[in-house]
Amino acid sequence: MVMKLPYLGSCLFLVFFSLVSIVASGSGKGLPILSFDEGYNQLFGDDNLVIHRDGKAVHLSLNERTGSGFVSQDLYLHGYFSASIKLPADYTAGVVVAFYMSNGDMFEKNHDEIDFEFLGNIRGKNWRIQTNIYGNGSTSAGREERYNLWFDPADDFHQYSILWTASNIIFYVDNIPIREFKRTAEMGGDFPSKPMSLYATIWDGSDWATNGGKYRVNYKYAPYVAEFSDLVLHGCAVDPIEFSSKRCDGTQSFQLTTSITPSQRSKMDSFRRKHMTYSYCYDQTRYKVAPLECVINPREAERLKKFDPVTFGGGRRHHGKRHHHMQASRSEADSI
Ligand SMILES: *[C@@H]1O[C@H](CO)[C@@H](O)[C@H](O)[C@H]1NC(C)=O
């Protein structure tokens, strides 16, 4: 995440945490949906954030003046976080919508982050999504993956969810797991392990979002409006002032379902075969040797290589690509 967020206060806090147990059925069904005022605060963007009359759905818009965003009132250590999101339609190059967890405002040098980033596109091309993870300031080691979707995310609401436990992180789209990131011993602090807030933002990513900044946001099509509903914050809240956990005090005891069932796993595999367009594990321009957590699948390597021989090996090199890749470690692939 490139965006710098307003400073919300610093506290060096020790979290003595009794994680009673959290539940996230992975499906998100039946989980409590907080109204905006109960769970979130506006982060920026003045009246570009609009709360709907039911108090539960929110519009975030981007115009020539500003983007907008909101943040959870609480910090969470682990949990299930979800939103139904409808992205702006039509020409959206350079527009970035992000749904993510971070503690970058408290830990400037060693923050953690779990990202869903939606990258707008030129007319006729769908949005693409990117997932990424940073732990303890591991920003030099990007762990991006990018995908296209099996639907047009601007047509209707779809559910995007993050499950974060002490041992793994799972990203879901419409309850289908699309990525599982497991904690390994070698990873050390690179696995997110400090409490984070949940954020949703829309902003102008002209400088990096579409083809390395080739297509900029065109404000002729503004405002760009992203709609959010069914916001679920289901984890152990850690109050940064009281240093205590409010929602895991026994009255609501939860249980985390952290594993992926065989049928979900086969859906995940199929999704990744059909829709993954980039994985850091196979990016030979960035990693001569793939990071240790990567399990290299030769068929996957072949498939990605056909898709982009420059990045994934075996091909000619475009002029100037090196430079872009440094910068683009957190941005979109070079091909649309
Ligand atoms: C996280 O980063 C800090 C500061 O760079 C370091 O002191 C600490 O050991 C790291 N923690 C882990 C678990 O690697």
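Yeah, the Cβs are placed from backbone N, Cα and C, and that goes for glycine too.
Annotations in TrEMBL come from automatic prediction, not curation.
Listed in TrEMBL:
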- 1-28: signal peptide (SIGNAL)
- 26-228: domain 'GH16' (DOMAIN)
- Glu113: active site, nucleophile (ACT_SITE)
- Glu117: active site, proton donor (ACT_SITE)
- 309-336: region 'Disordered' (REGION)
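Under the three-state DSSP scheme, Glu117 (active site, proton donor) falls in the strand class. Candidate active-site residues: Glu113, Glu117. Fewest other C-beta atoms within 10 angstroms, Glu113. Confidence over the domain 'GH16' (26-228), given as mean pLDDT on the 0 to 100 scale, stands at 93.
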